[in-house]
Amino acid sequence: MLEKLVDSLWKICRKSKFQHMTPIADAVDTFCFEPLHTPSSPPFVRDAVDVKRWMMLVVIALMPTIFAAVWNSGLQALVYQSSNPRIMEAFLHISGFKSYFSFVSQEIGIGSVLFAGCKIFLPLLFISYAVGGTCEVLFAIIRKHKIAEGLLVTGMLYPLILPPTIPYWMAALGIAFGVVMGKELFGGTGMNILNPALTGRAFLFFTFPAKMSGDVWVGSNPSRIKESLATMSSLAEKSHFDGFSQSTCLQILNSTPPSVKRVHIDAIASNILNLEHVPTQDVLQTQFATWAESYPGLTVDQLSLEQLQNFVTTPITEGGLGLLPAHFDSACSLTEAVYGIGKFSTGNLFFGNILGSLGETSTVACLLGAGLLLLTGIASWRTMLSFGLSAFFFAWFFKIMSILTTGNAGAWAPAKFFIPAYRHLCIGGLAFGLVFMATDPVSSPAMKLAKWLYGAFIGFLTILIRLINPAYPEGVMLAILLGNVFAPLFDNIALKQYRQRRI
């Protein structure tokens, strides 16, 4: 039946009036059946696995991240727009799989979560394929060549790196820009020097920054989410410092001013977690001894919120820690991110119970996809490993240098440098970029040594942008695009090194 339909399509396209539509018939035929094209030059290998089937393996590898995108976006949307502080409190204090699924089944409903997630993700996926596919077909007809299969993966990657609240027309504009300017302008699939999906996202990021960062990570209606959060904070009688918000870990990291030091978040953490010892304990005890002369009987790890704020914001000369009062709420938020408190726990970051772009939240889903890509040899393990190790090393390097340059266990160094290195691998789009974006075989280097250099370069830039650059909260997108630009240089260096060894 399917073969007859394809044959009918070929008969229509072979007519002189419709010959320009031949690329469409060829695309449908090769998608459904084994290609019948005979190569014009050796090697002559008979194999049913053509590029389209190769691309399908990448699509299969993306399935865990797609499911995670649907599930997490649906759950977060229903919780954050509920206007019910009890549900929000229960959600934020989930610990373990049993309590997580118990909460979902009792408070939300599995069907409701999946339905809400599909309403968010599927329209973006449809727009990506419809608009991107139209661009591909138009260029194939104009150039009179076959429709390339690159969009099969690009069309799926693109919606996974978008925030759930992105307007549909912006999503369409972004994929059109990515396909046309990022790929077709260079000659089409296999000729592009930049990753098309990331090119489209970068275009949206710099053209419509307010829609690509900030409070854009929950549901499909940002205004409704803001009203719901305000209502829940009011009903729960939350203060300005502990009110409900939709800030991501990277937003907090980026927005925290340099005046927030390690000693400030250690003081806050010692009270929130009741820690008897923190890395800057000696500095805390020295300052607290002077400050507590007016408050006999108090201990540094047993302060009320008002007392803690007073201690942290009192001038250093008077025994306090010298933080500006306006920055106390930033210090509280960063403490949660650095110490993994509440919604920023390591489990939430790893399994994806956090806010972010649709497909970038779940590290474990990305790792499942990585397993298939590595098993089939589609992705380079050298690129993945060097990217991950480089990011980990430089996150640790900034922390160590902060300690060495300031002394006192880094007490007076900016607190953002002390987020654990392993947590950098689980926040933002690092895991997704490492597995699916940096390993793009077209825009990444071909030589083995070049892959090591390429991955290390991207990892370094990612951490540098996250910790040093105040303008952009996330560095993965820009780092990979810059890595794409320098990929030929890395190949050239590797080739020269190879020739020298041969000589």
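Backbone N, Cα and C define each Cβ position, glycine as well.
Not measured: the values here are computed from a predicted model.
Taking Cβ-Cβ distances under 8 Å and a sequence separation of 6 or more, the neighbours of Thr248 (FMN phosphoryl threonine) in its chain are Trp217, Ile354, Leu355, Gly356, Ile427, Gly428, Pro473. If you look up Swiss-Prot, you'll see Thr248 marked as FMN phosphoryl threonine.
Listed by sequence, the residues of this chain that lie at least six past the ends of the transmembrane segment (55-75) yet keep a Cβ under 8 A from its Cβ atoms are 104, 108, 112-121, 149-150, 152-153, 156-157, 160, 164, 352-354, 358-359, 361-362, 364-366, 368-370, 372-373, 376, 378, 432, 436. According to Swiss-Prot, the feature transmembrane segment maps to 55-75 (among others).
Annotated transmembrane segment per Swiss-Prot: 120-142 (among others), in sequence order.
Annotated transmembrane segment per Swiss-Prot: 160-180 (among others), in sequence order. Only residues 6 or more beyond the boundaries of the transmembrane segment (160-180), in the same chain, are considered here, and those with a CB under 8 A from a CB of the stretch are 62, 65-66, 69, 73, 77, 120-121, 123-124, 127-128, 131-132, 135-136, 139, 151, 154, 196-201, 203-204, 208, 211-212, 216-222, 357-360, 429, 432, 437, 477.
Sequence annotations record features per position, and here Swiss-Prot assigns transmembrane segment to 186-206 (among others). Within the chain carrying the transmembrane segment (186-206), a Cβ under 8 angstroms from the stretch's Cβ atoms is held by residues 139, 143, 145, 148-150, 154, 157-158, 161-162, 166, 170, 173-179, 212-213, 437, 440, 442-443, 477-478, 480-481, 484-485, 487-488, all 6 or more beyond its ends.
Below 8 angstroms of C-beta separation, residues 54, 57-58, 60-65, 67-69, 72, 349-355, 425-426, 431-432, 434-436, 439, 441, 444, 451 of the same chain, each at least six residues beyond the ends of the transmembrane segment (361-381), sit close to that stretch. For 361-381 (among others), the entry in Swiss-Prot reads transmembrane segment, with the evidence type sequence analysis.
For the transmembrane segment (384-404), same-chain residues at least 6 beyond its ends with a Cβ under 8 Å from one of its own Cβ atoms are 262, 370, 374, 410, 413-414, 417-422, 424-425, 430, 433-435, 438-439, 451-460, 462-464, 467. Taken from Swiss-Prot, the feature transmembrane segment covers 384-404 (among others).
Swiss-Prot lists 417-437 (among others) with the feature transmembrane segment, giving sequence analysis as the kind of evidence. Listed by sequence, the residues of this chain that lie at least six past the ends of the transmembrane segment (417-437) yet keep a Cβ under 8 A from its Cβ atoms are 58, 61-62, 65, 157, 160-161, 195, 197-198, 248-250, 253, 262, 265, 337-338, 340, 346, 349-350, 354, 356-357, 359-360, 363, 366-367, 369-370, 373, 379, 384, 387-388, 391-393, 395-396, 398-399, 402, 410, 458, 462-463, 466-467, 473-474, 476-477, 479-480.
What Swiss-Prot records for 452-472 (among others) is transmembrane segment.
Sequence-remote contacts of a segment are chain residues at least 6 beyond its ends whose Cβ falls under 8 Å from one of its Cβ atoms, and for the transmembrane segment (475-495) they are 161, 193-195, 198-199, 201-202, 205, 428-430, 432-433, 437-438, 440, 443-451, 453-454, 457-466, 469. Annotated transmembrane segment per Swiss-Prot: 475-495 (among others), in sequence order.
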Using a Cβ cut-off of under 8 Å, list the residues of the same chain at least 6 residues beyond the transmembrane segment (120-142) that approach it.
20-21, 23-24, 27, 66, 69-70, 73-74, 77, 148, 150-151, 154-156, 158-159, 162, 164, 166, 168, 171-172, 175-176, 178-180, 184, 188, 219-220, 358
Could you find out if DSSP has Thr248 (FMN phosphoryl threonine) as helix, strand or coil?
coil
